[in-house]
Amino acid sequence: MKTENQTFGTEFILLGFFQYGQMNTVLFVTIVGLFSVTLMGNIILIHLIRLDTPLHTPMYFLLSQLSFIDMMYISTTVPKMAANFLSNNSKTIAFFGCEIQTFLFLTLGGSEALLGFMSYDRHVAICHPSHYPVLMSKTICLSMVTCAWASSSINALIHTLYVFQLPFCTSRIINHFFCEVPSLMPLVCQDTSQYEYTVLFSGLVILLLPFMAVLASYAQVLIVVYQMSSGKGQTKAISTCSSHLIVASLFYGTTLSTYTPHSLHYPEEDKVVAVFYSIITPLLNPFIYSLRNKEVMGAMRRVLG
């Protein structure tokens, strides 16, 4: 098959969800609404943590980092997708723009490993409270954040550089609403099966390990909580842990399913699944970690008062 000259002037075409005007208008309103709520929720949470001194703790520092990641995460894909919903012309994205979007999306997605560190923080606070100042010191907390950003950035850079030097076919149509590695694989004019297993392996390392840490940490937390005599404390801990586990499972489960070899799933399924890890989880995180948290709500009352 012929390949086209891959210069920064080359453009890809994003098919998006649907190709019908009325449906796209409905989707535009819905997506913009979700995007606005997500941005506001995360911005408010970051400012509360910054302004309220009692929230200057390791847990809330990690939470502010997660909120920043979620804001950037949804901003990487949604503005372009929303603009394409109303576009009557070809929904193009420049070669270089697609490359930047892929790199940012991989970096921010990998940085969600902070969910694992946040569960470890709760594990130490509940299971080993006397050792908390040592096990969650400022140095260790900063090391966690640095590790999450550095590992995800290196992983994203390697995959982005490799994918965008591959020979793309004359078809430039990406059957997705943004650029990511799995959606680009069908456009490559050579066998990518070996590379796709490499993508799966790196996904297991970057995504599955933090998820296992979340499961292990909360399992030990629940064991300790069940030994408490207070039924109210048990109910509260179970409610909190279950909501955190649901959001973490939603993010890691849907992401891992997408980054399996593309022969195992269909593009239409990928687009629906991608909505969950690219839009829904950034929307849920600030509400799960704030509205159900008395310390955050108390900080909001103090700041507003």
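Cβ atoms here come from the backbone N, Cα and C positions, even for glycine.
As the structure is a computational prediction, the values presented were derived from the model and not from experiment.
Annotation comment: TrEMBL describes 26-48, 60-78, 93-118, 200-225, 237-260, 272-291 as transmembrane segment. According to TrEMBL, the domain 'G-protein coupled receptors family 1 profile' annotation covers 41-289.
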Contact set of the transmembrane segment (60-78) with the rest of its chain, CB cutoff 8 A exclusive, min separation 6+ beyond the ends, reads 31, 34-35, 38-39, 42-43, 45-46, 49-50, 101, 104-105, 108-109, 111-112, 114-115, 117-118, 121, 141, 144-145, 148, 177-178, 278-279, 281-283, 285-286, 289, 295
Same-chain residues at least 6 beyond the ends of the transmembrane segment (237-260) with CB under 8 Å of its CB atoms are 109, 112, 115, 119, 126, 180-182, 196, 199-200, 203-204, 207-208, 210-211, 214-215, 218, 221-222, 225, 270, 273-274, 276-277, 280-281, 284-285, 288-289, 292
For the transmembrane segment (26-48), out of 93-118, 200-225, 272-291, most C-beta pairs under 8 A are with 272-291
If one takes Cβ-Cβ under 8 Å and requires six or more residues beyond its ends, the residues near the transmembrane segment (93-118) are 6-14, 59, 62-63, 65-66, 69, 72-73, 76-77, 80, 144-145, 147-149, 151-153, 155-157, 159-160, 163-164, 174, 178-181, 184, 206-207, 209-211, 213-214, 217, 248, 251, 255, 277-278
